[in-house]
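Taken verbatim from TrEMBL:
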type: BINDING; residues: 40-68, 103-104, Asn108, Thr134, Lys284; note: NAD(+) binding site
type: DOMAIN; residues: 42-200; note: domain '6-phosphogluconate dehydrogenase NADP-binding'
type: DOMAIN; residues: 203-329; note: domain '3-hydroxyisobutyrate dehydrogenase-like NAD-binding'
type: ACT_SITE; residues: Lys209; note: active site
Amino acid sequence: MAASLRLLGAASGLRYWSRRLRPAAGSFAAVCSRSVASKTPVGFIGLGNMGNPMAKNLMKHGYPLIIYDVFPDACKEFQDAGEQVVSSPADVAEKADRIITMLPTSINAIEAYSGANGILKKVKKGSLLIDSSTIDPAVSKELAKEVEKMGAVFMDAPVSGGVGAARSGNLTFMVGGVEDEFAAAQELLGCMGSNVVYCGAVGTGQAAKICNNMLLAISMIGTAETMNLGIRLGLDPKLLAKILNMSSGRCWSSDTYNPVPGVMDGVPSANNYQGGFGTTLMAKDLGLAQDSATSTKSPILLGSLAHQIYRMMCAKGYSKKDFSSVFQFLREEETF
């Protein structure tokens, strides 16, 4: 089974492991006092840019955590706050019967669930396993089958909203799985998001996320091109953004996550494109969209072009920068 899942991951072109940026370590125990000490522990695997604040929000809502991350340093601040850190996903499954995974790629998810020290090695019957990674819908379906064989429940619940929404607890979760289990998943996901939407069977959450991120990539490129053109025509970028955001061109990329340095505070473009959602991950998600479009014979002309642009950015040194750095890329590419 593990071999077949690895083939699915490879078919999606997901051959790289994430090099995630880590938030600076610091004590946050003071803001994580538990209001309900009787709540049972929740396992959390994957403490990257998104997983870190998501786990913190579970703590703020009174859930003790059983923590694992492939990078031990990512666990330190949780350990300092009194959470239990273990040495493998299997150990998480041994100690918790509700587990959330937040991982970069299909291959990472396969390893966490089906690897030599994966969740399925020690998962307990009746456990609820929620994967909030953005991965191939086919991989989610295969994982769900293997989880079901062990007498447990698997749901895919990818997220939208970015690091800012993860920190504030305002993510949107797109959930796929058995509808009877949705309420149990919603109890946990509601601690981390303001919108928890049931999409249908396993894999439909991933389908919704892939479609959303394809549109996000296209709109970010469009916003970057528009802002660049306006600046070269002599418009002040803040003025242009203001006009766009009160006009029909308004979108999330222009009014909430503007890619031009100096236009907005608190976004990656104001911090040399550090943090946020990495270009590598956007390229990965667009690859998933491309695979899905091929398998369903769906034309995605702009989606395919966006995929190529983000792949080119990765090859030219932008892989670790936020995906909004497409503005900087366009400014620097004389061939454009």
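Start at 1 and count along the chain as shown; that gives each residue its number.
Just so you know, glycine gets a Cβ as well, placed from its N, Cα and C.
All TrEMBL annotations are machine predictions without curation.
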Please list, for the domain '3-hydroxyisobutyrate dehydrogenase-like NAD-binding' (203-329), how many residues fall into helix, strand and coil according to DSSP.
-> 86 helix, 2 strand, 39 coil
CB neighbours within 10 A of Ala55 (NAD(+) binding site), counting all protein chains shown, number 27
Cβ atoms other than its own within 10 Å of the Cβ of Lys60 (NAD(+) binding site), all chains, total 17
Same chain, 6+ residues apart, C-beta under 8 Å of the C-beta of Thr40 (NAD(+) binding site), given in sequence order = Pro64, Ala96, Asp97, Arg98
Predicted model, mean pLDDT over the domain '3-hydroxyisobutyrate dehydrogenase-like NAD-binding' (203-329) = 97
Expressed in Å to no decimal places, the gap between the Cα atoms of Ala55 (NAD(+) binding site) and the residue listed as 'active site' is 20
Rounded to a whole number, how many Å is the Cα of Lys209 (active site) away from the Cα of Leu65 (NAD(+) binding site)?
-> 26
The sparsest Cβ environment within 10 Å, among the binding-site residues Ile45, Met50, Leu65, is found at Leu65
For Lys209 (active site), list the number of other Cβ atoms lying within 10 Å of its Cβ atom.
-> 28
